[in-house]
Amino acid sequence: MNIHEFQAKELLRDFGINVADGIMVVSVDDALNAAKKLGGSVWAVKAQIHAGGRGLGGGVKIAKSLDEVKEYASKILGMTLVTKQTGPEGKLVKKLYIEKGTNIDKEYYLSLTFDRINECIAVIASADGGMNIEEVDHDKIITIRIDPQIGLRDFHSLAIADFLNLDKDLSVKLHVLLSKLYRLYWQTDSNLVEINPLVLTKENDLIPLDAKMGFDDSALFRQEKIANMRDIDEEEPSELEAKTYGLSYVKLDGNIGCMVNGAGLAMGTMDTINGVGGKPANFLDVGGGANPQTVAKAFEIILRDKNVKSIFVNIFGGIVRCDRIANGILEATKLTKVEVPVIVRLDGTNAKEAAEILKQANITNIISAPDLESGAKMSVELANK
């Protein structure tokens, strides 16, 4: 689960981290009143969406007068903001964050995330802040891996401070900040805490100017405050609906629908489709409790995406019996108008029975595939016809 910048900064404050004063607003009048309340002569007017790259997309403006606050708020509120992370469809801006201006001397990048390969916490830092970290040269980035059983230590912070060429005073301030961020990361079940930029002010303080946080959905049951920060408007409606049926669905931008059981097989199926020149339209794991009704619902959700030109069903029957999937496919054809080709590869428990069920149904656009690669190739070929 992701949250907005204004919510992330609320959490930063909860953990004793100094951030600039700001107020979330939903109207132009509120934006103007917020700027007056904050005081000063410079304000940042920031679109609040769950995506990075807002500045480049025109979603962050620096106002040097109340008239400019009003002007920028009018332009940004209600706009469809397109960034590298939103995709071409963009996101509608419904909220703004009005933040008091900061005297910036230098910008850095700092983040904490989970390193799955090394099974540790990775602290990533760079002296090139304020831009996408993916675009920064590798030799300008330092990654410090922290053993969770040991935790953050002075030498971790010193290594980062040395890499960033900070003086003694700032090195101490960085360690204090990192210690608080590390505690925030652990105690909120985060999977990402990204500060970009972390700014050095002209007053010689280190201040998070922007903050992005993501959380482990499976831990939200013990994070009531964070769970209440969920903004349904920022999430894909089909993904939310899928969850209510026990389906794990993520919309992508390809044209080949995927229905698979098991996250690992789903990833392998998507890789195979990519490998034979196709592009998946979604990730969909029907899970271990799939029945004909949930399979039919999965078809319905996949087919809402008008970009889908074929569907590849790849099931290895274990907990999920293949005959259940076959009956679900037939149920879907009754409940939903399935006009695109459906390529079906079934293996494992009751695979023979499933093949017979589909054969007896004699539906022309349901095509059996003998193996994964053949099914992927057929899906790509039929999608491109």
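Sequential numbering from 1, following the chain as shown.
Including glycine, each Cβ sits where the backbone N, Cα and C put it.
Keep in mind the model is a prediction, meaning the values are calculated, not measured.
The ATP binding site annotation in Swiss-Prot covers Lys46, Gly53, Arg54, Gly55, Glu99, Thr102, Glu107. Residues or ranges marked as Mg(2+) binding site by Swiss-Prot on the basis of sequence analysis: Asn196, Asp210. Annotated substrate binding site per Swiss-Prot: Asn261, Gly318, Ile319, Val320, in sequence order. Among the features that Swiss-Prot reports, domain 'ATP-grasp' is placed at 9-241, with the record citing sequence analysis.
Here the binding-site residues are Gly53, Gly55, Gly318; the one with the fewest Cβ atoms within 10 Å of its Cβ is Gly318.
For Gly55 (ATP binding site), the nearest neighbour among the binding-site residues Asp210, Gly318, Ile319, Val320, judged by Cα separation, is Asp210. Spanning the residues Lys46, Gly53, Arg54, Gly55, Glu99, Thr102, Glu107 that the record associates with binding ATP, the maximal Cα-Cα distance equals 20 Å. Sequence-distant neighbours of Ile319 (substrate binding site): residues of the same chain at least 6 apart with a C-beta under 8 Å from its C-beta are Asn261, Gly288, Gly289. Each residue contributes its Cα atom, and for Glu99 (ATP binding site) and Gly318 (substrate binding site) those atoms are 54 Å apart.
Across the annotated binding residues for substrate (Asn261, Gly318, Ile319, Val320), the two most widely spaced Cα atoms sit 9 Å apart. The substrate site is defined by Asn261, Gly318, Ile319, Val320, and by the 8 Å test on Cβ atoms against their centroid, the other residues of the chain that qualify are Gly262, Gly288, Ala290, Ile315, Phe316, Gly317, Arg321, Gly348, Thr349. Here the Cβ of Glu107 (ATP binding site) has 18 other Cβ atoms within 10 Å, regardless of which shown protein chain they belong to. Distance noted between the C-alpha atoms of Gly53 (ATP binding site) and Gly318 (substrate binding site) is 43 Å.
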